[in-house]
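Quick look at what TrEMBL annotates:
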type	residues	note
DOMAIN	24-343	domain 'Adenosine deaminase'
BINDING	His29, His31, His209, Asp290	Zn(2+) binding site
ACT_SITE	Glu212	active site, proton donor
SITE	His233	site 'Important for catalytic activity'
BINDING	Asp291	substrate binding site
Amino acid sequence: MTAPADLIDRIPADHLPALLAAMPKAELHMHIEGSLEPEMIFALAARNGVALPYASVDALRRAYAFTDLQSFLDIYYQGASVLLHEQDFYDTAQAYLARAATDNVVHAEIFFDPQTHTARGVPMGTVIRGLSRACAEAPQKHGLSATLILCFLRHLSEREAFETLETALPFREHFIGVGLDSSEVGHPPEKFARVFARCRELGFRIVAHAGEEGPPDYIWQALDVLKAERIDHGVQAVHDAVLMRRLGAGRVPLTVCPLSNQKLRVFPDLADHNLKALLDAGLCATVNADDPAYFGGYVNDNLRAVAAATGLTARHAYQLAANSFEASFADAAAKARWREQLDACFERFNR
Ligand SMILES: Nc1ncnc2[nH]cnc12
Ligand SMILES: [Zn+2]
């Protein structure tokens, strides 16, 4: 069943914030290291005896004044340095999953950056076991399903990516796919062509950050060279009409992160964000939090803010939730179940 358009259009506009919060949704673009709230960074630093270059939680929060992606990444990698033990990774994922459930997230595909940790001497197994245990418990504990996607850091070399893949393979049943993140400009997807070819041979799902700050050409490379099934961000696609047609015709999902784009000055004024244009062009765009602890909000905060700033309607809301299910790597039965929950939610708001 699909909620009929006229039913959706009868939902009063002032119900939209509540509808956005209540509707079931999948979150497909969030970095677990980016869910470390300042309080948790300080608590883990104390637990593990890690020295931080900030005197207090407030001082750390005051440092979150980013000018671009790199200015954020420098602080983000520093924050992740408090994660040392399997329990730290478990606690971090568990805190995110509990929070996501309150936003009516029914399914999460979670990025992790192993190189951030292995470079500090943390074993790969420590990272993956901790995160994976929290994901495995999520259905019972929080009523949502959760899986992991391993991301390669694109500012590092192809060789280091291959080494990371090798080190992670003994744990391959714990992650469903691979992605590409970190400093985009100057590190095009084609730098990792051979790594991703190997990952495809191994049967991993493929995603890549592209077109966050980088040009549309990076999105083409992610699609044609890496064979990415989803593009993370992708908002620069609007500058290439041929690419827009390709993304629309192929229903290639874009995992868009509005508050991230605002805070990293991709769209300094959220009113200028192009999410609505992407949706109205028929693209499979979704809304996600990226790094919620750093950018001022979780997925519902993103939905609420971008809807208010750009004038989204109930129909856009329905499309965003439906797109998030379509774009997920879950099986068809789960997708059909979530779609029914979505329709039931919209029907409740119509009464
Ligand atoms: N927005 C972002 N872009 C690239 N790499 C990231 N790692 C964490 N957040 C990221
Ligand atoms: Zn991201």
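Every residue, even glycine, has its Cβ placed from backbone N, Cα and C.
Sequence features, as recorded in TrEMBL, placed on the structure.
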residue : record                                  : Cβ within 10 Å
His29   : Zn(2+) binding site                     : 32
His31   : Zn(2+) binding site                     : 27
His209  : Zn(2+) binding site                     : 28
Glu212  : active site, proton donor               : 24
His233  : site 'Important for catalytic activity' : 28
Asp290  : Zn(2+) binding site                     : 30
Asp291  : substrate binding site                  : 25
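Taking only the Cα positions, the spacing between Asp291 (substrate binding site) and His31 (Zn(2+) binding site) is 6 angstrom. Secondary structure from DSSP puts His29 (Zn(2+) binding site) in a beta strand. Cα of His233 (site 'Important for catalytic activity') to Cα of Glu212 (active site, proton donor): a span of 5 Å. Across all of the domain 'Adenosine deaminase' (24-343), the predicted model scores a mean pLDDT of 98. Among the recorded positions His29, His31, His209, His233, the residues whose Cβ lies under 6 Å from any atom of ligand 1 are, in sequence order, His31, His209. Selection of the recorded positions Glu212, His233, Asp291 by a Cβ distance under 6 Å from ligand 2 yields an empty set. Of the recorded residues, Asp290 (Zn(2+) binding site) and the residue listed as 'active site, proton donor' place their C-alpha atoms 12 Å from one another.
According to DSSP, Asp291 (substrate binding site) is assigned to coil rather than to any helix or strand. A gap of 13 Å separates the Cα atoms of the residue listed as 'active site, proton donor' and His29 (Zn(2+) binding site).
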